[in-house]
Amino acid sequence: MSKLRVAVLGSEGRMGSEAVRAVEAADDMELAAALDRDDSLEALRGAGTQVAVDLTHPDAVMGNLEHCVRNGIHCVVGTTGWTDERLETVRGWLDGSPGTGVLIAPNFGIGAVLTMRFAQQAARFFESAEVVELHHPGKADAPSGTAVRTAQIIAGAREEAGLPDQPDATSTGLEGARGADVDGVPVHAVRLRGLVAHQEVLLGGEGETLTIRHDSLHRSSFMPGVLLGVRRVVSTPGLTFGLEHFLDLDR
Ligand SMILES: NC(=O)C1=CN([C@@H]2O[C@H](COP(=O)(O)OP(=O)(O)OC[C@H]3O[C@@H](n4cnc5c(N)ncnc54)[C@H](OP(=O)(O)O)[C@@H]3O)[C@@H](O)[C@H]2O)C=CC1
Ligand SMILES: O=C(O)C1=N[C@H](C(=O)O)C[C@H](O)C1
């Protein structure tokens, strides 16, 4: 069977360099191209790229994605910065390129995907819910894409269950002390040397709390998810948002 030709965009970065190693080590893939800032995207087609893995920067990802989709190159995207508007734009490009698949994964870590699923299951049972994400200080954005997605999922589950707004009697305080408000769920971002990528979902009810915590201790934790995404995206046209769609979580 022929090997999948995979390019990595952002190949010199923390995640990109790990992805290059993972693709090179995969029996069913070969590295078609490794591009970083200032490299021309034109190299992708010349190299016969079938799937591009984008691990760049929120400011760069849209341009990269547009180029790939318009050239029929499937994409696996870990880069953050997704809004409804951006996702709609990507869907528009995909409409013009039927057969092309794009996976956007807020988090490739299986533990992080499960954290979101468990939070979704638990949210309706608790009055209060907050998300704390903790990352290395080189991270470009705050809060993390995973934390935003987690908060949205919790908010959706609360709404579906008919829960009222969370109790919070705070009337004064330093701006930012209660974190960012994502659909009514406070999200707090810690940046600390020594950390990689961590998240806690705190749920509270009368006389009890439940904490769901996930720790990515090394970026290798993301690689099985990246490789799964590459293998599945080639036969999944259109936009897929979230790695959970490629995992049989309900089995
Ligand atoms: N979904 C997931 O599971 C994960 C997602 N991420 C996300 O991945 C992204 C990258 O993270 P990280 O590796 O830590 O960041 P880094 O800054 O370490 O790496 C990004 C790399 O991309 C390069 N780059 C910038 N612009 C372009 C461009 N236009 N074309 C090609 N390369 C470019 C950067 O170059 P330069 O340094 O010169 O700017 C850098 O080498 C972030 O959005 C992060 O949040 C990270 C971990 C897991
Ligand atoms: O920048 C990172 O490091 C990470 N980014 C992603 C995010 O913003 O959610 C995924 C993970 O948290 C690591």
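Residue 1 is the first one shown; counting continues down the chain.
Heads up, the Cβ atoms here are built off N, Cα and C, so glycines get one too.
Between the candidates Asp36, Asp38, Asp39, TrEMBL assigns the NAD(+) site shared with Gly10, Ser11, Glu12, Gly13, Arg14, Met15, Gly78, Thr79, Thr80, Ala105, Pro106, Asn107, Phe108 to Asp36. Proximity to Thr146 ((S)-2,3,4,5-tetrahydrodipicolinate binding site), judged by a C-alpha distance within 10 Å, picks out Ala105 from the recorded positions Glu12, Arg37, Ala105, His135. Gly10 (NAD(+) binding site) is surrounded by 25 other CB atoms, counting those within 10 A of its CB over all protein chains shown. For Arg37 (NADP(+) binding site), the binding-site residues whose C-alpha atoms fall inside a 10 Å radius of its own C-alpha are Gly10, Glu12, out of Gly10, Glu12, Ala105, Gly145. In terms of Cα spacing, the recorded positions Gly10, Arg14, Thr79, Asn107, His135, Lys139 that come within 10 Å of Gly145 ((S)-2,3,4,5-tetrahydrodipicolinate binding site) are Thr79, Asn107. Selection of the recorded positions Gly10, Thr79, Ala105, Asn107, His135, Thr146 by a Cβ distance under 6 Å from ligand 1 yields, in sequence order, Gly10, Thr79, Ala105, Asn107.
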